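Per TrEMBL, the feature Mg(2+) binding site maps to N7, E385. The ATP binding site feature in TrEMBL is assigned to K14, H208, I209, G210, N211, G212, D283, M284, R285, G331, V332, G333, E334, N335. TrEMBL lists R91 with the feature substrate binding site. As annotated by TrEMBL, active site, proton donor/acceptor applies to D148. If you look up TrEMBL, you'll see H180, R241 marked as site 'Transition state stabilizer'.
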Amino acid sequence: MKVLVINAGSSSLKYQLYDMKDESVLAKGLVERIGMDSSIVTHKPAGLAEVSEVSEILEHTTAVRKVLSLLTDKEHGVIGSVDEIEAVGHRVVHGGEYFGESALVDGDVKTKIRQLFDLAPLHNPASMMGIKAAESNMPHVPQVVVFDTAFHQSMPENAYLYAIPRVLYKKHKVRRYGAHGTSHEFVSKAAAEFLDRPIEELKIISCHIGNGASLTAVQEGRSIDTSMGMTPLEGLMMGTRSGDLDPAIVPYVMNKEELTVNEVNSMLNKHSGLLAISGISSDMREITEGMQKGDANSKLAFEMYEYRLRKYIGSYAAVMNGVDVIVFTAGVGENSVVLRKKVCENLTYLGVELDEELNEIRSGEPRRISTANSKVQVLVVPTNEELVIARDTNRIVQGLKS
Ligand code: AMP
């Protein structure tokens, strides 16, 4: 079965076409600047040259039409006809309490995604545009939605509730939902497979550290706590997000600086984190470079980032009464040798022993970076959220046939 995976943002649309026979990617690409003057379409067919075009794409339906025409193009295409696409999988950020797993799109599912617009005002409306665009271009093809929050629906009440008046949960569903669920699920399963151990026997701390960053405590294969909260702002220090802070800072700063709700939101989400402390960049590569050149602000930014990450690892070891496996994934987790080294150097009390040579090796495969004797296995597992979406879509749509 060929599955088209769509990840729609408000002005962008990423896609990957999978052949589920061998889970190979036939083509992938990105439509950027949808609704703006000159949209950019980048299409990478497997084994063929990449194409990039500027064209006018005013909304998502046209973007999907463009993608389908590239996928079937005589020169740059990888399939003979759109009919070869048997299912479409969509990434949706917020599934609220409705969705503990992926779902086949129908009227009820769409209503629920719409009801969650309030909780994810930047993301869910964009996903909805992606779904509508795919439906209007491929009306007879089943669509599946895969939620970033779904994996975390297994969290117990004591982990997902905030200690604020309960009426806010009852009336407005204020609670922890988490994010990066598809990634945490993928890397924790891949870690268990790599170690050839049943996931049910393992206590895993999954560290998804990219531009956004979150940690998850995975026990018996289920998320029991995660660092992102009702929104992706809570938890670790990130590229441009503050992560945890005293909530009283918000009204205090709003008052002192005469900021509006939107301004303070933007400050905490877009102008904080590594960017704010280093004053240079939100990109860990530049921070590391700055630190190595002796820049004091970059050094401080790195130290704060590492310190907070380590604090969360410690707290999740406490939550699970131990840890068997720590997994690093995403841009920083997969690539930053120096961050992993600093974190692991200070986790010896848990029984972590880093193998410095293994830590230096780069490969696109799951690998161990702890020593053979380390009590806690430390792994690097490249994440693949699109593959999870393609697999779930394939499973659900195959189920319709049986
Ligand atoms: P992601 O959100 O998973 O795509 O991760 C993006 C982030 O990964 C970038 O902002 C970089 O900070 C980080 N990154 C990528 N390559 C490296 C590297 N070699 N060393 C450190 N950080 C990296």
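Every residue gets a Cβ built from N, Cα and C, even glycine.
Unlike curated records, TrEMBL annotations are generated automatically.
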Contacting recorded positions, sequence order - N7, I209, N211, R241, D283, R285 vs ligand 1, Cβ under 6 Å: N211, D283, R285
List of residues, in chain order, with Cβ under 8 A from that of N211 (ATP binding site) and at least 6 apart: M238, G239, T240, S282, G331
Of the recorded positions listed as R91, H180, E385, the one whose CA lies nearest the CA of D283 (ATP binding site): H180
Of K14, V332, E334, i.e. the binding-site residues, those within 10 Å of H180 (site 'Transition state stabilizer') when Cα atoms are compared: none
E334 (ATP binding site) to R91 (substrate binding site) - Cα separation in whole Å: 22
In sequence order, the recorded positions (K14, R91, I209, R241) whose C-alpha falls within 10 A of N7 (Mg(2+) binding site): K14, R91
From K14, R91, I209, R285, V332, the binding-site residues whose CA lies within 10 Å of that of E385 (Mg(2+) binding site): R91
Those residues of the chain, 6+ apart, with a Cβ under 8 Å from that of the residue listed as 'substrate binding site': V5, I6, N7, A8, S127, V146, D148, T182, E385, I389
For V332 (ATP binding site): DSSP state (helix, strand, coil): helix
Fewest other Cβ within 10 angstroms of its own Cβ, chosen from the recorded positions D148, D283, E385: D283
